[in-house]
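> Here it is, the structure, as structure tokens.
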Amino acid sequence: MAGNGPINKEDPLNWGAAAAEMAGSHLDEVKRMVAQFREPLVKIQGATLRVGQVAAVAQAKDAAGVAVELDEEARPRVKASSEWILNCIAHGGDIYGVTTGFGGTSHRRTKDGPALQVELLRHLNAGIFGTGSDGHTLPSETVRAAMLVRINTLLQGYSGIRFEILEAITKLLNTGVTPCLPLRGTITASGDLVPLSYIAGLITGRPNAQAISPDGRKVDAAEAFKLAGIEGGFFTLNPKEGLAIVNGTSVGSALAATVMFDANILAVLSEVLSAVFCEVMNGKPEYTDHLTHKLKHHPGSIEAAAIMEHILAGSSFMSHAKKVNEMDPLLKPKQDRYALRTSPQWLGPQIEVIRAATKSIEREVNSVNDNPVIDVHRGKALHGGNFQGTPIGVSMDNARLAIANIGKLMFAQFSELVNEFYNNGLTSNLAGSRNPSLDYGFKGTEIAMASYCSELQYLANPITNHVQSAEQHNQDVNSLGLVSARKTLEAVDILKLMTSTYIVALCQAVDLRHLEENIKSSVKNCVTQVAKKVLTMNPTGDLSSARFSEKNLLTAIDREAVFSYADDPCSANYPLMQKLRAVLVEHALTSGDAEPEASVFSKITKFEEELRSALPREIEAARVAVANGTAPVANRIVESRSFPLYRFVREELGCVFLTGEKLKSPGEECNKVFLGISQGKLIDPMLDCLKEWNGEPLPIN
């Protein structure tokens, strides 16, 4: 643990340690984060708390979920700082917040330290809670995280507070008794004074103090103590103890930690989904080639490209896409659009920002962030400004912008996916029905995505440039750390909405590609059979040269998008029949066959009549086979590295292939995925997509 002692000559300014924290891949860091999140016990020592642990305690209801344990080795140093305060006062020492007033009125003096702490809590209990649905209470998850982080800070022994108070707050955590804190009212410098004063208010038994019981009831301080098993009655605070609890950044940094846990997972998920986007769009995977990204030097982009490259290298879709893209190359764009082709370059900087913000927040939750700092070894009370939560405000502003940019890319990809002019042969709006005139698929969902994205871009605006001078111009610059963290929480929630919607759309596209291949196979089989029946023989009984047109007929089918004709395959207004007829006419005009012209064109007429009779039945049979799971052509997703994600959505969450006929709405399915993401259920399927990745790009051959 960092603390008193000689200056580290090798890294006196801590830049080396900060750089070392960024070693290794972002994915490995996320895996460690998830592992820490799943630990059943969090033992806090003062300087080793991790973002994943904060998120775990926040989400757990009590010790049955995650237990919190104090490091007993911290007891002597905590006791030493508490005793130093009392000894200093006894010898006439003058310490801010102990013998003086607060903030802009610190010129005032008092010898009644305990009474000063009571007044500190009284005047800081300035929050408004409201009632019912209009309430302004901080979510219990955030309060639990704040309690954990505050204990961690105070455990370092620089704050002048008794160990017994930290034990009491820990008991509240472990028994699921959560103080009620106001949602608003802090500028996170001097720390989160107003919300933290309500934690202090509960342990001192203030009459307005309330808590949420394990069964969700609001209870007063007395019942809260009883439920938590805290004996000995309420605490009467010694000098400095109230200030130690309230004068710190723990609410802002705690919420920031929980937000960054989710943000890191969503960042990796966005990389995986960009690869799936390439799969369903029949994209060109060369955009992930390592040389391209190596030459640009940015580690975030290099890793994003390598992750996408890994998924695409193990994808059955890509071998099929290669054949599709090699057909008539001069009639197709040479490159994919930016939303796909530059996705590593777009996501990379966002991941770098998110990673840096995470490390900044992790440093903050392990910092001593109150004032004054008690240096027992030198016998000093150091009056400084560690309560200034600027690392939180700036990190949250930066992270929120990165989150908004991830959402912007997701919206761009989604917009291509649902647009038949850009989606390389998928249906308009990803409609899955037989009749596209009665199925508008994801049209409403695209409108919702536009709404989500617009709000997310608005939230990307910074908070920290809206600082107001406060408290008699003593707090004339302040961080707005908790405010920024709250807005980042909103941004993460909206990105979850977008991600959920996008995943449902991608799974729909996967199944449309499966349907497309089966319909195309049925069409080719049907055309082959009809061609053999109609085109093989002349009326004279001789072999007809028209039989040699079969290969060209199949090529014409390959060139035509299945969903451009699947709802009415024999319509003269749709391209399939037009192209097949053109093949036969071209053959008749160029074959030099001695067969009479009338016979040639009668064959074309007969060919089309036979198709009109057989083809709709074959296409319907293909649809039924796909729906029943008996399709002859397997779904390529099964042989792709992205399959774990698809399987989870389809099998575990029970999301279905959407059609207008089923009446199941897109929102119902998106909600299932949203809940899955919010409950952390998507983490393992996401990581399973990357379980074979060795952390390196493919070799440049």
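Using the three backbone atoms N, Cα and C, a Cβ is placed for every residue, glycine included.
Below, the features straight out of Swiss-Prot:
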ACT_SITE  TYR96  active site, proton donor/acceptor
MOD_RES   SER190  2,3-didehydroalanine (Ser)
BINDING   ASN247, GLN335, ARG341, ASN371, LYS443, GLU471, ASN474  (E)-cinnamate binding site
> Might you list, by sequence position, any residue in that chain lying six or more from SER190 (2,3-didehydroalanine (Ser)) with a Cβ less than 8 Å away from its Cβ?
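The answer is GLY103, ASN247, ASN371, PHE387, GLN388, GLN475.
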> Which site among ASN247, GLN335, ASN474 has the most other CB atoms no more than 10 Å from its CB, taking these as binding-site residues?
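Result for the most crowded candidate: ASN247.
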> When DSSP is mapped onto helix/strand/coil, what comes out for ARG341 ((E)-cinnamate binding site)?
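Where ARG341 ((E)-cinnamate binding site) sits, the three-state DSSP reduction gives helix.
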> Starting from the Cβ of GLU471 ((E)-cinnamate binding site), draw a 10 Å sphere and report how many other Cβ atoms land inside it.
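There are 16 such Cβ atoms around GLU471 ((E)-cinnamate binding site).
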> For LYS443 ((E)-cinnamate binding site), what is the secondary structure state per DSSP, taken as helix, strand or coil?
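In the DSSP reduction, LYS443 ((E)-cinnamate binding site) maps to helix.
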> Once the DSSP letters are reduced so that anything not helix or strand counts as coil, what is SER190 (2,3-didehydroalanine (Ser))?
coil
> For TYR96 (active site, proton donor/acceptor), what is the tally of other C-beta atoms lying within 10 angstroms of its C-beta?
17
> Quick one: among the binding-site residues ARG341, LYS443, which has the most Cβ atoms sitting within 10 Å of its own Cβ?
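It comes out as ARG341.
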> Going by DSSP, give the three-state secondary structure for ASN474 ((E)-cinnamate binding site).
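Assignment for ASN474 ((E)-cinnamate binding site) reads coil.
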